[in-house]
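**Q** Please see the structure below; I have some questions.
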Amino acid sequence: MGSTISERVELAKLCSSRDWSKAIRLLDSLLSQSCVIQDICNRAFCYSQLELHKHVIKDCDKALLLDPMLLQPYILKVMAELALDKVTEAVLYLLSSYLLAPWFIVMVKKLFTTHRLIIATLSPRSRIVSFGKKGRRLSGLEARPWICCSAICRFEAIARAGRTTDISETHSKSSKAYEIRSKWSDNSEMCNQSSDTSVLCGISSEIRSISIDTSELCSKSSEMRCKSSDTSEIHSKLNDEAKRNQKNFATSFSKTKSINLDFRLSRGIAEVNEGKYAHAISIFDKILRENPTYPEALIGRGTAYAFQRELDAAIADFTKAIESNPSAGEAWKRRGQAKAALGESVEAIKDLTMALEFEPNSADILHERGIVNFKFKDFNGAVEDLNSCVKLDKDNKSAYTYLGLALSSIGQYSKAEEAHMESIKLDQNFLEAWAHLTQLYQDLGNPVKALECLQQILHIDGRFTKAYHLRGLLRHGMGEHRNAIKDLSIELDIESSNIESLYLRASCYHAIGEYGDAVKDYDAVLDLELDSMENFVLQCLAFYQKEIALYTASKINSEFCLFDIDGDIDSLFKEYWCKRLHPKDVCERVYRQPPLRVSLKKGKVRKQDFVVTKQKATLLQAADTIGKKIQYNCPGFLPNRRQHRMAGLAAIEIAQKVSKFWRSLSSKSTAKNGKKARRKERVHLSSQNRGGASCSTSSSSETSTSYGIFEDRSSDRSVMSWIDLYSFGVKWRQISEPCDPVMWTNSTFEEFNTGFGSHTPMILGQAKVVRYFPNYQRTVNFAKTVMKETMYVNNKADDIIDISRDGKYQNIIRAESCSDLYSVVGEDFWLATWCNSTAFEGKRLEGTRITLQKMGENGFDFAIRTPCTPTRWDDYDAEMRMAWEALCNAYCGEIYGCTDFDMLENVRGAILRMTYYWYNFMPLSRGSAAVGYVVLLGLFLAANMDVTGSIPQGLQVDWEAILTSDPNSFVDSIKSWLYPSVRITTSWKDYPDVASTLATTGSVVAALSTDNDDLFRSLKR
């Protein structure tokens, strides 16, 4: 115990010499041995002298957790909150202090009077800066921020009225409370002795309290009792020192020669807080020349370096601080932050975890580690840390909004919304929280709530650029490209070099046919300097999409049927575009599109294309009604007016084309009615490679033939293949959103031979993909079914892994998650689903590949993939041919033109079976789901059946096909909700012909870009 007394004697000496940093380190040592409340308060006071106000608040909170009736931490915390401009919090703690000691308000008033602070009731956005004599701005140690005078008056009124009984309203009367009030009443008398002592007394006689409470601690220990004379000596020394220094404390800042080491340290810290990093570094440099291993100066300089993005220098300083004082938790924390900024996630987490060992209940460090975990996609770790943080610090609005982000990433959307709302409750003007809540609603496909949040943001701050970006992004996702351009233009007027907004505005201009502005923005994106991989990807996409814009501009006055990305664009270009690769090889090997001025010389966009005639208006209104049926009522799918119109126009055109084709087949059948049978002939289909003059050499699959549609050799009528049928939908999908690389996968070059195809993840790392995660458990169960039947899976090298031995089969049965399945196999793997063939009895086609790959320590890439290899293409080509032939035969025979619902049963079944094979085939780089349902709607319409109902909530038709191994099971599943909404109709035949009404590519672009207001005005004329 003697060593403890010697440490406290040393503590007294350090405080007398105002060596606050060493005093703090000594208190750290004492607190590591035993947690004594007064030592915590003493350390808080030492921090206050260094203006480390956040540390003051931390220690005060710790003390109040141990003893909520202790007045000293309330007083220290009030001063720290005022120094941080947290006036509301300070007033609340003033009230708490008054409830413990009503005389305290007199002390506060004296403190404010002594320092000549301007006390006024101010709006949140205004502030009066305090100045001392001769107009000199007071330093942080001299000046205190303003406080609402109404609160002071309220305290004074209570004191005058002597309302001591009001204390019972919030605190029970206890002997402990009485003892505390009595003890601090003695201190108040000391405070009233002289106005000169108000500086020290205003912080509750902190220097004296070190000695007073040390004697109290000594009285609690038999060993320390015998040393009471020593503690009395400490008491005496500290009081004498306080008297000597109380006046000098407030006036000595202008005397450079008398400024000690710690004062220079506090000024350096103040410079960092004010953003004057270079000056702060120079201050710390001088300190470190005298004391090269001074931890606080190293931490201060490292922080300044970090703010200047000199992260390596910052880390070097933090490391030296740790070497000098391994228990410096602040150095561990800040080094962790710097390493996180460099992308060193593992090392950053280690440092922050070490910092937590020194401060296990530090809400600040938990907050920091939670943010780092979130940024490096350890969402589960982030949720754990941030939940712990907000339990300790219920007023941490940043922690709540990051908690909301992490919760939404792991699919806990209701809790995420609650967390964001809690952040907003703490601060109604917290723009980041509103922005994150907006993003949550947008991700969930709820545009109404998202727009409400954006309106609130812009009400708070009309120049908040992120709000315009989010609204532009939302409107783009809803197909309102012109409105999106307005929002993005406002944002770019404020922040002209935002690459994401430039890219998004370019794509909007591109979609609505304003190619000059589109090319200008694409060029602006390409000219910007890169600062991240995400921006590099945007630049690559800008290159490809600029070329597509130039191509489309050259076709603007040509017939829409000549718009043929698959046939006209080089296969290498398409492959690199889909894979978002650097365009270097494309530039060297592929013919570039001519400049815009050359493209538009072939024919500028004609004004009449944008004039909405009554005929066009009638067609577009019908298309809007039909197209809405493709909407998935699932989280993550925004309603998109432009895509709805595209779907409707495509469905009507398909109905018109197919109806004409079926009529030709029916007329042939009637002409040959006297013959017993018709001869089957091989029919050369349209090129499956869709290759044109600029494409690479066509593969052998281009000219593959098969028994297909019946045709009379003497007829000169063209034949419609299943590829021609779906190509109508593909073309419309390409023109509706030109920045989506939608194309036939067999039209790429090398990647077709290696199995290029779609990739649809349900889980990425720890993140649950909002659109597709609802299919997760069903996919896991289907994978288990396949594994139990085949007893093998394939690894990344396509080698077979036997899972029939070592108890793996039993573990598969018990598996409930993709993590469990991975544990059984022990490495990355894939397995193929199957679908039963209709064309070839007993044959199974490879369906979709379910893939499971490890991502990081605790994450997975769990997805479905559909690689389109030549063999797989041939298998599905044969299946689709037979399905299309079966449909044509079902309708073009005796029931052609029938309007009896029951008699069309086989036709409906044939449409659904062909749709089933299309979804399992997935022959497009993207967009297969939309195109498949558009063709379904068009075929039903061609057979005089209108689908009037929407897709049920939570159901995704393509996934129903993918996770079903038999086409008949798929038909049974879909018809249960589809058939009741089908109505017999022939009214669709009165619609204007799409191909002639919207004859050119320009007219198609104009139709998709026409606002509904223009549409309604045309209909009224």
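Any Cβ shown, glycine's included, is placed from N, Cα and C.
Given the structure is predicted, the values throughout are model-derived calculations rather than measurements.
Marked as compositional bias 'Basic residues' by TrEMBL: 673-682. Residues annotated as compositional bias 'Low complexity' in TrEMBL: 694-706. Residues annotated as region 'Disordered' in TrEMBL: 669-707. Taken from TrEMBL, the feature repeat 'TPR' covers 295-328, 329-362, 397-430.
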**Q** Who are the long-range neighbours of the repeat 'TPR' (329-362) in its own chain, taking Cβ under 8 Å and residues 6 or more past its ends?
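**A** Sequence-distant neighbours of the repeat 'TPR' (329-362): 58, 62, 295, 298-299, 302-303, 306, 309, 311-312, 314-315, 318-319, 321-322, 368-369, 372-373, 375-376, 378, 381, 392.
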**Q** Helix, strand, coil residue numbers for the repeat 'TPR' (295-328) per DSSP?
**A** 27 helix, 0 strand, 7 coil
**Q** Which sequence-distant residues neighbour the repeat 'TPR' (295-328)? Criterion: at least 6 residues beyond either end, Cβ under 8 Å.
**A** 21, 25, 28, 32, 50, 265, 268-269, 271-272, 275, 277-278, 280-281, 284-285, 287-288, 334-335, 337-339, 341-342, 358
**Q** For the repeat 'TPR' (329-362), jot down how many residues DSSP puts in helix, in strand and in coil.
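**A** Across the repeat 'TPR' (329-362), the residues distribute as 27 helix, 0 strand, 7 coil.
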**Q** Could you break down the residues of the repeat 'TPR' (397-430) into DSSP helix, strand and coil, giving a count for each?
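**A** Going by DSSP assignments, the repeat 'TPR' (397-430) contains 27 helix, 0 strand, 7 coil.
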**Q** For the repeat 'TPR' (329-362), would you mind checking the mean pLDDT of the predicted model?
**A** 92
